[in-house]
Amino acid sequence: MLEDIASSWTQLPDVIERTSPIELTIHLTQPSENLQAFEKALIDISTPEHISYGKHLAQSQINTMLRPFANTSDLVQNWLKDMSLNNFAFGSDWIAFNTTIEKAESLLQTTYRVFKNEATNETVIRTLSYSLPVDLHWCVDLIEPTNDFPFRKRKTIRPRTDPTVSKSGIQKYGNLDRNPSSGSAITPVRLAELYGYSDYTPANAENNKVGVLGFQKQIAQESDLVLFLAAYAADKTNASFNCVAAAKGKCYQRSTYTGDPKDIKSGEANLDLQYTVSGTYPYENIYYQFGCVSDVKTLNYLLALESLPQTISISWGIEERFTSKRLARKICNKYAQLGARGVSVLVASGDDGVGDESDTWCKKKKGNARVIKFLPEFPSTCPFVTSVGSTDLDPEQASSFSGGGFSWYFDRPNYQDDMVNRYLTEFGLDDVASNRDYFKTSGRAYPDVTAVGNGYCIVNKGAKKCDVFGTSASTPAFASIIALLNGERLSSGKSSLGFLNPWLYKSLYEAGGLRDIVQGRMEGCLKTKPEGTLGFSAVKGWDPATGLGSPRFKTMKANMM
């Protein structure tokens with residue numbers, strides 16, 4: 001059962017036609033010892049000090065390690081056949097089939113409803129609970145679509161009254177110790193100056209690729225990229241990207257589309273692609289447009305690819321409470337599989353501090369009541385992705401909106417223990433004491449790293465905008481740096497970096513490859529009410545406002561080789 005439905009989804013009174021088609025996917029349970037063995041193998045191949053470092057796995061090897069319990073597929077198929085269902089499709093740990101709403105409801109002892117996303121007007125068919133025969137409980141992990149809702153859109157393109165002032169009222173831009181010279185707005189040139197790669201020529205690695213994941217109706221536009229490069233990256237005007245319509249996605253281009261212009265949204269997609277393309281040229285950039293499909297299907301699509309991008313940037317997420325714990329763990333395991341394949345996955349940490357900007361800000365269900373609890377973002381809380389927060393500039397400090405905190409679902413991984421324990425017991429004592437009742441100290445802590453997330457210039461619908469901010473901006477910026485590093489390794493005959501966090505938390509941090517941010521504070525919740533809370537401050541070492549810090553490209557390059 002879900003604790004809550006995301007506020008962006010509303011149940012409609014519409015009655016679904018009983019004969020309407022629906023595709024169901026049954027995910028089979030994998031033994032816990034198999035999952036643990038796989039996760040250990042992932043950490044080993046992701047830890048530079050380990051003999052297995054960089055020895056990434058093929059999907060066939062992963063599937064063997066994660067095979068479900070014996071005979072579970074046969075048991076489930078027999079149950080389905082008894083219900084007059086046939087013609088199955090199979091994955092390593094799932095069975096899919098097409099049926100009708102009427103048969104699906106009978107099979108699962110439930111009722112499907114129509115839900116509408118108020119932000120995008122898209123609709124999905126879902127149910128919030130379902131039942132299975134008791135003798136199948138042990139072998140069925142979960143079924144979709146049931147209570148899984150697609151990722152919601154980040155809030156990144158927002159007007160500001162004063163283009164030099166952030167939400168917290170502090171001056172945003174200015175000079176760091178890196179002495180940038182390209183003005184106050186964030187452009188590809190300025191990012192390169194800020195993080196130390198303006199004089200760097202990407203290594204010759206033709207097989208190095210960057211992937212950006214897009215959802216709902218967000219589609220990157222080639223015409224806007226051309227204008228963006230001409231305005232802000234004149235030496236890269238030959239750069240381009242490939243759009244792949246994955247699962248139920250579309251790759252409409254505004255210049256040739258003859259349908260309703262409202263079918264195409266592009267602000268978020270353009271932000272992501274314009275900064276990965278300009279930041280990683282001449283490497284191939286791929287925009288995977290998934291539409292409004294489930295997260296498990298999204299990741300299964302990627303894992304089925306023979307050739308994957310070595311770096312993936314994701315600017316989408318949802319509060320952890322809006323995903324069931326079982327589904328979140330399934331999705332997180334899929335991210336771990338990407339890491340084992342040699343893919344570095346970077347995700348935005350969120351734009352609402354420790355909560356959610358709504359009338360239920362920081363209020364979590366407890367029985368029939370609601371109590372104040374911090375509301376972490378998923379998939380940032382998954383231990384097998386790299387979560388990226390946001391900073392302002394002049395001085396370089398935590399952005400007030402940057403998301404961060406501690407998971408309720410996932411325990412803190414070992415690679416974080418030293419840094420996070422120092423925060424909890426030494427450097428962050430004041431904030432921990434003030435907020436202890438609102439978060440789980442043993443939970444997976446995020447973000448892992450940070451980058452500037454304020455004042456980005458983009459081109460959208462043919463117009464320049466320099467008021468874009470959010471972790472959706474800092475994430476493709478950081479991902480671009482990782483892609484450059486992957487190119488360097490591949491050109492030297494080495495493996496890609498893959499899952500980054502064991503490297504980030506030990507050898508890279510110790511080498512000074514991340515600039516520690518010690519100023520600024522992220523937002524608390526219920527700020528205007530007596531019961532309002534503090535957020536978290538940036539302090540020495542890891543903290544929930546800025547993670548381990550911002551990138552120092554030259555040190556990162558030297559350390560990862």
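Placement of Cβ uses the backbone N, Cα and C atoms for every residue, glycine included.
Look at TrEMBL and you will find E268 (among others) tagged as active site, charge relay system.
Residues annotated as active site, charge relay system in TrEMBL: D272 (among others). Mapped onto three states, the DSSP output places D272 (active site, charge relay system) in helix. Non-local neighbourhood of D272 (active site, charge relay system): V212, G214, A220, Y287, S313, S315, S472, T475, P476, each in the same chain, at least six residues away, with C-beta under 8 Å from its C-beta.
Its Cβ placed at the centre, S472 (active site, charge relay system) has 30 other Cβ atoms within 10 Å. The active site, charge relay system annotation in TrEMBL covers S472 (among others).
Sequence annotations record features per position, and here TrEMBL assigns Ca(2+) binding site to D516, I517, G541, D543. Look at D516 (Ca(2+) binding site): DSSP puts it in coil. Neighbour density for D516 (Ca(2+) binding site): within 10 A of its CB lie 17 other CB atoms from the protein chains shown.
Sequence annotations record features per position, and here TrEMBL assigns domain 'Peptidase S53' to 185-561.
Under DSSP, D543 (Ca(2+) binding site) is assigned to a strand (E or B) in the three-state scheme.
Cα separation, D516 (Ca(2+) binding site) to E268 (active site, charge relay system), rounded: 28 Å.
Between the alpha carbons (Cα) of I517 (Ca(2+) binding site) and E268 (active site, charge relay system) lies a span of roughly 27 Å. Considering only the recorded positions E268, D543, the Cβ with the fewest other Cβ atoms within 10 Å is that of E268.
The local packing around G541 (Ca(2+) binding site), expressed as other Cβ atoms within 10 Å of its Cβ over all shown chains, amounts to 17. A straight line from the CA of G541 (Ca(2+) binding site) to the CA of E268 (active site, charge relay system) spans 31 Å.
Report note: the Ca(2+) site is defined by D516, I517, G541, D543, and the residues of the same chain whose CB lies within 8 Å of the CB centroid of those residues, excluding them, are F427, V518, A538, V539, K540, W542, T546, G547, L548, G549.
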